[in-house]
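Over in TrEMBL, the protein carries these features:
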DISULFID  Cys10-Cys19  disulfide bond
TRANSMEM  106-123  transmembrane segment
BINDING   Ser162, Asn194, Leu259  Na(+) binding site
TRANSMEM  188-213  transmembrane segment
TRANSMEM  247-268  transmembrane segment
TRANSMEM  289-308  transmembrane segment
TRANSMEM  320-344  transmembrane segment
TRANSMEM  364-386  transmembrane segment
TRANSMEM  406-428  transmembrane segment
Amino acid sequence: MQETLPWTECGRDWNTCYCRKAGDNGTDLDPLRWYNSTGLNCTGIVVTPDNQKSASEEYYNNYVLSKTSSIADPGGVKWDLTLCNLAAWIVIALSLIKGVKTMGKVAYFFALFPYVLLTALLVRGVTLEGARDGIDFYLKPDLNKLTESGVWLDAASQIFFSLSTSTGSLTAMSSYNRFKNNSLRDSITIPIINCLTSFYAGFAIFSVLGYMARAKNVSVSAVTTEGTGLVFVAYPEALAQMPLPQLWSVLFFVMMICLGMGTQVPSVETLLTALQDEYKFFRGNCRSIIFRLSVCALGFLLGLPQTTQGGTYILDLMDTFVGFPLLLVGLLEFIVIVWVYGFVRLSEDIMMMVGHNSISRKIYYCYFSWTWTIVAPGLILAIIVFDSVDYQPITGPAYPEWAEALGWLTVAFIMMWTPVWFIGSYCYKGGFKLLRRLNQPLPEWGPLLVENRTLPRYRQEAAETQLPEVTDATDTYTSNNSTWSDPTTEFSFNNAAFQDDQVADGLRTKL
């Protein structure tokens, strides 16, 4: 909230002789203009349009990051970035300390408030001179880019990340729904809303960039960058040229914080839910709170390398390689769920929950039967092959050869757990006998409550395995002020402990 935003002018301690003040179009290349009153010696410095840097770029790289020359030089830990990392994890811990009940309330704010800020930025952006230039640039596609494999991989990764596909978040969060929740409606509306939101956000971004290009008398392509440069360099510079730049800058960065938290909170809850479902030791009021705080503390420690002066290189390296495993996991999920478990079984399970109406059947058997079995896995496989054939290794002085190997080790670490878990189960549960039952679900697979086992195969399995009726709880796990039990030999509920029917049904579904 300074009178003059620090990333709008040169002459600061972090600036160099190549600095260009915000709003300049690069025609005035006199390096002495901003340093007559500083200790920098710019004599003999030749500034050209190719080597000049904007004030916002130098502020971000030299002051915020104190960026080193390469990933091989991590530098020291920046205390201000470390405090930001700590503050973020404190918010996450407070949001998740009581489970999904507190997370649900926080999620409403993180999901809805960015729309308010985005709308405010859009309304202001479209009223600026030159906004139409930016919107035209946004809506006019460059079809030549479709021949680049990186574009397809980035597009697929964006969809996977924005929808939390193949990360487990959808499975973990939906497990708290009622058993009869209309998942068909959700599976259609959520992707549509997600894509429309991204499309809507583009107008807010490029309208302001168009104004910036008009003010500097350059093309819109000259002011657009990719990656963190757009968020932390180009867009803040554009906001700085608007009336009341302090207000719009605060709104923009608050929106970015909300978007980041809205993504991080469900991701952490997914990990916590999976571990607490698998290991009963972490259940219970006190142990659950200690466990959740410990995981958040571990997340803070794992984030410390990215708060170093060379941490941005680690972030970019992870961003380059983390999209590829998501596609592989997505392809494996299609193979296991649709082909091994079977599309027919899966459709019957979903119909059992959403109802056997004619519209649902037509959608599943006319649309999903093709997209799930052929179209979607085929597209993912094509993108993987295309990217592998046209792969371009990361180059440049900032990334030595071992950085490439580190990136692929990250991919291998993510993907290794699927074959490791399979081999472990194969050796532990019977070898070749396991292979013969590989495409058969476990006897206890299906809805927990007998009343929800409406399919004939579930009724038969329930009779053969003699699943117990609902009884008093013997080993409890408290979540959202509700208690459920999952003892080794029986499933039971203490229905009196539930204070919320929706949470109760959701926890039953989880089992």
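Here the Cβ of each residue, glycine as well, is placed from N, Cα and C on the backbone.
The Na(+) site, placed at the center of the C-beta atoms of Ser162, Asn194, Leu259, has further neighbours from the same chain whose C-beta lies within 8 angstroms: Phe161, Leu163, Thr197, Ser198, Thr263. Here the listed stretches are 188-213, 289-308, 320-344, 364-386, 406-428, and the one with the most C-beta pairs under 8 angstroms to the transmembrane segment (247-268) is 289-308. Among 106-123, 289-308, 320-344, 364-386, 406-428, 106-123 has the largest number of CB pairs under 8 A with the transmembrane segment (188-213). Around the Cβ of Asn194 (Na(+) binding site), the number of neighbouring Cβ atoms within 10 Å comes to 14.
Counting other CB atoms no more than 10 Å from each candidate's CB, the disulfide-bonded residues Cys10, Cys19 peak at Cys19. The secondary structure of Cys19 (disulfide bond), as reduced to three states from DSSP, is extended strand. In the three-state DSSP scheme, Cys10 (disulfide bond) is classed as coil.
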